[in-house]
Amino acid sequence: MKKILVTGGTGFIGSHTVVSLLKSGHQVVILDNLCNSSINILPRLKTITGQEIPFYQGDIRDREILRRIFAENRIDSVIHFAGLKAVGESVAEPMKYYDNNVSGSLVLAEEMARAGVFSIVFSSSATVYGDPGKVPYTEDMPPGDTTSPYGASKSMVERILTDIQKADPRWSMILLRYFNPIGAHESGLIGEQPNGIPNNLLPYICQVAAGKLPQLAVFGDDYPTPDGTGMRDYIHVMDLAEGHVAAMQAKSNVAGTHLLNLGSGRASSVLEIIRAFEAASGLTIPYEVKPRRAGDLACFYADPSYTKAQIGWQTQRDLTQMMEDSWRWVSNNPNGYDD
């Protein structure tokens, strides 16, 4: 059993990882500034896990709160989700993204070292591959030209953590590049609640299903894919959460930099996702085809074989379960955590 600090632990992926950590017998401390999440998730986490979870409201750029957390808790490892994640916003406000995501991660690493904590699991992204020109994506592909400051910030933090580990071999740096997390906890108590108009496909579909948006925008139907719409590697958020726990358990005591894809190895198109959600919900999702968005790729998906060999993890939940769990979340909580 380990005590894990989860930064961004009230966010979408962070909260599901907290559930998975506690289910695996670990202790958890959460740090979150609530800029993209709700305090109302905490009682729901208690309902699911039966445990009161220590919570600190604060920012990873705040050295004082980090020092207090490390002084008050014997932390063994950090799982680091905290950061901003809207691609479009990052293009409009790059300084905000580099400050939060890059500077914040550097402050966190410095304070971890000061406290003698040398194990971190970093929430990275498949966006760091850019457009390598072939699929599936494998871990030995070099980082590419990212199309947004968001993607660039993830790539920069990967480089920073890798360089820190080279200089100080006590560190275990676990860099998890994940693909497209969707779904929700099977209880229907926690799920994704984006602020404003969603940037990602499934939350957008859920908003249409809940009557909050009139129709879905499908960006491009002329890609070189079977139905002309973009294809992505979708992964159930609980599979993703379990991947974090498996990586932490397998590698946190192994010095080095460990780079792993977390994906299913299968690609689904936008129209396939719409049809799967309609089947799960019994609803019809109206949509309108619009021009392609700049920077969007036709198709990408993970090669998960290296990750399976390294940490014994692979996805367990199929597209049907992703849709059923998403629909349960949105139908039980049409206003998210404000209900």
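Glycine too: its Cβ is placed from the backbone N, Cα and C atoms.
What Swiss-Prot lists as active site, proton acceptor is Tyr150, and the listing cites similarity to another entry. Annotation source Swiss-Prot lists NAD(+) binding site at 12-13, 32-37, 59-60, 81-85, Asn100, Ser125, Tyr150, Lys154, Phe179. Sequence annotations record features per position, and here Swiss-Prot assigns substrate binding site to Ser125, Tyr150, Asn180, Asn200, Leu201, Ala217, Val218, Phe219, Arg232, Arg293, Ala294, Gly295, Asp296 based on similarity to another entry.
A 10 Å cutoff on Cβ-Cβ distances gives Asn33 (NAD(+) binding site) a total of 20 other Cβ atoms nearby, all chains included.
Cα distances from Ala294 (substrate binding site) to the recorded positions Asn33, Asn36, Asn100, Tyr150, Lys154 are smallest for Tyr150.
With Phe12 (NAD(+) binding site) as the anchor, the candidate recorded positions are Tyr150, Asn180, Val218, Asp296, and the one with the nearest CA is Asn180. Long-range neighbours of Asn180 (substrate binding site) (same chain, six or more residues apart, CB within less than 8 Å of its CB): Asn200, Leu201, Arg232, Asp233, Tyr234, Ile235. Checking each of the binding-site residues (Asn33, Ile60, Gly83, Asn100, Lys154) against Ser125 (substrate binding site), the C-alpha distance stays within 10 Å for Lys154. According to DSSP, Leu201 (substrate binding site) sits within a helical segment. Across the binding-site residues listed here (Ile60, Leu201), the residue whose Cβ sits among the most other Cβ atoms within 10 Å is Ile60.
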